[in-house]
Structure formats: structure tokens, C-alpha cells
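Here is the structure we will look at.
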């Protein structure tokens, strides 16, 4: 709050930014009053910075990041990749790429949001020429928000169907079953069967009720993308319920989201532990775990293993979506984001590894019961969640209980990721709006419009051909290619345009010390090389999308998919070109980081920290740092007046030597 000092008649800031907007005094020396709840357009004042929410507790931020980054991919993708790529050997490229690529960018995005106090678009005011990175991340996260929730709708559908004495996918004889449906789950059942004088090999060609429930009842799968068919109203209602739940968990901002994730982020771990204990007691569980971890050292020589490791890191760490930046923007300025990033990365990777034991203990049991090799039952993605695991629970005692637990965990894993994805998109969108556009219930209406728009698009995925649309979104819109492209440019811009040393000093200004030099080296050299290497490999060895190894997408379907991918990838070069064409001066002058304009009508929301943005317009005595309480808010030892001389023109961290690497830096603090 603004407080007048009796000694010198100036206004200083006490408390933290969550208590209200920072308002510069008006011409008469009295503090200007904010116009509206956001403190916008203060009459008679020089500056009214709208307050930005902060987490009630720092644990809210940790839980939100855990909920967002630890999602379905940790449970249904990592274990399969580990098994497929040499078991325990896969951990070697996975850990190396996490150290070189995943953790540095994870830390970069969180710290950038915390430093700039802005969402995914305005955060790139740090280098306006590359603001296209913000638009690209908004496009990607919008696509993710649109199609990712379909998994929640399917999981919700299965969860409701689990509350029966007999699981509907355990038996034939339903309206959705075909004459080829056979209820043969165990090997001994097959050996003793005399069904129509068919042998076990012939029975293998028959249809399982699990597959028929998934394809004929849930998906109502049509012949292809060109045959959309009608809406599946049962799934549509579940989809609507999921969007309503997301809306009411996000509409009030981080104050509400930060509370919900305490349950949605932690309870899945309880379910995983319960499922692991249950799976470990089943026959064949040890065989499954051995298959999961058994090392095949020859796999290290395969480029595909390293590509899979890199792609999984970027997927599971949720890099390039802008949501981590949005979450970081709600931190207090002096929060130790460096420590948080390391802890969150370890939690993410540890969860992936732990989930492998849960999944493969169940798959080992399933392979033993069916008398087949584990490779016949090991799947990833929706195949694991909606075919392999439902088939496994039919073999367990009290099957409905284990089915309900699994799908409830699946729903929670996806929900908190969806919460934060929508929050990241809304944060970036609202940060774009100028102060003059503020109105009451702005956030609530914006969230409602976003959810409604995504729901309308999702209707194309609950038709008979909806699975083909879902696969297009999944394969192209948020693919490894688009995320790698985004991560590459983030590192290049921060390290070589803004300056890695300068940004390290900015981080030091927040947390009180410079992070490990390894981060700077990764941003400058290692991470861009890794991203570009995997990007080139994916491009050279690109394979057209095929669904279920049978349906080949038509050319126009491929064109739509590439349209999804290019709509985000082209944001960077198109924005760069447009800014260069409109700007006056040389390329060097245009590309150099510079401060945004500061005017009373349009305060620099999102340019560094709200307090620091206001400093140049405060009275000289306050800006010079003569008030001790104002200076105590900063970790930097220099006067506040020096901190406010330029938003981008000089570093603001503690004095120190400026070694090379990673682009320019600016002059040292005196």
C-alpha cells in the first residue's frame, strides 16, 4: 500500500504486491485512487499498475506445476517407451537430455514469467522483435486445451460405467457387440474351449469385448475422416461436464486453481501406490517389471532411442506451451524459482519412472493370464488406458473397484493439466488487453468464452469419425516438432539476443545469487543443438499419420494437420518479418531489446516487475531509494533509481564479472 513518510513526504511501498495496486501520487501530493477494482486509469495520478494476483502460498505454485506437468503422458507413454527402447538403458538418454534440455528450459520459462510478471505473450516484451514466440505458445496451448480434454471425457465415461456389478466391457451380448465377439481372456479358457470347433489360433482372430466396447460403444468408429457421422450424446454430455468443471476451477484465477490442485495433484499418487501394491501381488507381476527394466545395451546405438527420449522430455515437462510462464508470473518477485524448477523436474521424472512399475506389474499379470508374450499386451497412449488396462481389470477379483480407481486417477491426472493449460491461455490473453478495455467480470467472461469455443470445436471429436480428428490434433498441433521449434527459439532469443549473462543477473536479482553456470551454457549451446538435432531428425524421417496401423489419412487430412503445425511454427518468422518491415531504423536498432512505453493511459503491464515498472515515475526521493522500506523489497544492492533507468537497457543484478557466452549483456552495476 502507498504510505506517506513523515520525514520526507514521499510515498513508499510496504507489504507485498498482493495487497493492492501501486499508485503513484497525483499532482497535489495525495495518493491517486484507482479507478475500478484493477486499479486502472487512476485520475490525477501518473501511474496505476493493475495488481497481479500472487499465490496464497508458494506450495500452491508447486502443486499447480506438479498437476500440469505430471499428466497422462507420465503414466501411459513413458513406461512403454522405456520397455520399447531397451528397458533400463532408456534411462541413460532420458536423464542426459533432461539435464541438457528439459531442466534448463523448464527453469527458463518459470523464471522468465516470474521476472516479467506477464503471461506467455507479454513476457516477450523482454525482446519485442521475437514476440511471435508468445503467439506461437498461445496457439499450441489452445490446441492442447481443445483436444486433451477428450481423454478426460472418455475416462469419465469409463468411470461412470465402472459402477456396476459386471463391467460392460467384460462380456459379449450387448447391442454394440458383433457376432465375432468372444469372451476369452485367460489361456486356460482358450485351451478348454470348443467354441464352434475353433482352435486357439483361430480364436485369436476374434474380437475382444474390450475392443468392441471401445470402438463400437465409446467411439462408434466410422470408416474414416470422410465419414463423420452423428454425435455420440453420451460422450458429449461427459465432455460438457468436464468443461463445466474446468470453468468453475479456473474462473477466479490462481486463488481458486491453487486450492483445487492440492487434491487433483496428490490423490493420483495415492491411487498409484494402491495399484502398485495390488499389481505386485498378482502372478506374473515380477515378469512384467523385469521386461520393463531389463537392459538392452545395443539400443543405445539407435538414434530413435535418443529421439524418443528427447521427445518424451519435452512432452512430459510441458515445455513451449507458455503455461509454465503464466504460473511463474504469479510468484512473488523474490521467490526461489531456481530451486522450485529443480524440485519440479525431479518430481516429474520420478513419477514417470514410478508409474512404469505400476503399469508393467499389471501388464505382466495380463500376459501370464493370457499365455502370451508381454509385447502382445504392451501398449501406450489411449490403447493402454482404454484397452489394455480395462482388459486387465476383468481378470482381477472385485474388478469394478480397480476399474473405478484407475479411471478416477486418469480423470484427476488430466484435469489439473487442463486447469493449468486453460489458465495459461487466459493469462496470456488478458495480459494483451490494454487498460482501457478493462470491465467488471472480465476474467469470468473470458474464461467462459474460451471454454465454450473449445467445446464447440470438440464436438467434431465426439462424432463417429471423431477419433480421426483427435489423432490429427494429437499428431500435428502439439507434436514434438512444434515443441522443439518453440524451445529452440526460446533459448536462442534469451541467450543470444537478450543475453544469457544479463538474464542470469536478472535471476540473481530475484533469488539473491546466480544459478549454476550450466544453465547459461545449456541456453547458449547445448539445448539449442539438442532441439535442432531432434527437430531435423523428425523432419527427415517424417511418416504420414496412420490410425491403428490400418487407416491411411487422405491428402486433405494431412494438409489440415500440417496447417495445425504451421499455424504455430510460422508465428515467429511472420511476426519478426512484420516488425522489421514496419520499423524505422537499422536492423540492429530494431532488434536490440528496448523498454516499452510508459504512459499514464497505458502502463507497462508485464514489463519486468510491477514495482520496478513504476519506479521512473515515482518522486525522485523515492526513486533514489532513500526510503529504507522500499529498498528492502529488492535483493539487488543498487539504488532503486538505478534499477529504473531502463527496463531492458542494463542488467539489474548484483555486481559481478561478465564472462562471455550467450550474447550481449549490458554494462555492469556500478
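Cβ coordinates are placed from backbone N, Cα and C, and glycine is handled just like the others.
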| note | Which range of 235-254, 375-394, 595-614 is transmembrane segment in TrEMBL? It is 235-254
| note | Given that TrEMBL records 67, 69, 70, 74, 348, 413, 416, 417 as binding Na(+), the matching residue among 111, 316, 460 is 316
| Per TrEMBL, which of 170-202, 401-433 is transmembrane segment? | 401-433
| task | Specify the count of other C-beta atoms within 10 Å of the C-beta of residue 172 (disulfide bond). | result | 18
| request: Using residue 181 (disulfide bond) as the reference point, find which of the binding-site residues 67, 70, 316, 413 has the shortest Cα-to-Cα distance to it. | output: 413
| query | Within the chain of residue 67 (Na(+) binding site), which residues six or more apart in sequence place their C-beta under 8 angstroms from its C-beta? | reply | 261, 264, 265, 416, 417, 419, 420
| field | Least surrounded among the binding-site residues, given as 316, 417, when other CB atoms within 10 Å are counted | value | 316
| note | The sparsest Cβ environment within 10 Å, among the recorded positions 70, 181, 413, is found at 181
| remark: Across 61-79, 91-112, 235-254, 521-541, 553-577, the most C-beta pairs under 8 Å with the transmembrane segment (445-463) come from 235-254
| message | Would you say the transmembrane segment (266-293) and the transmembrane segment (483-500) are touching, if the rule is that at least three C-beta pairs must lie under 8 angstroms and be 6 or more residues apart? | response | no
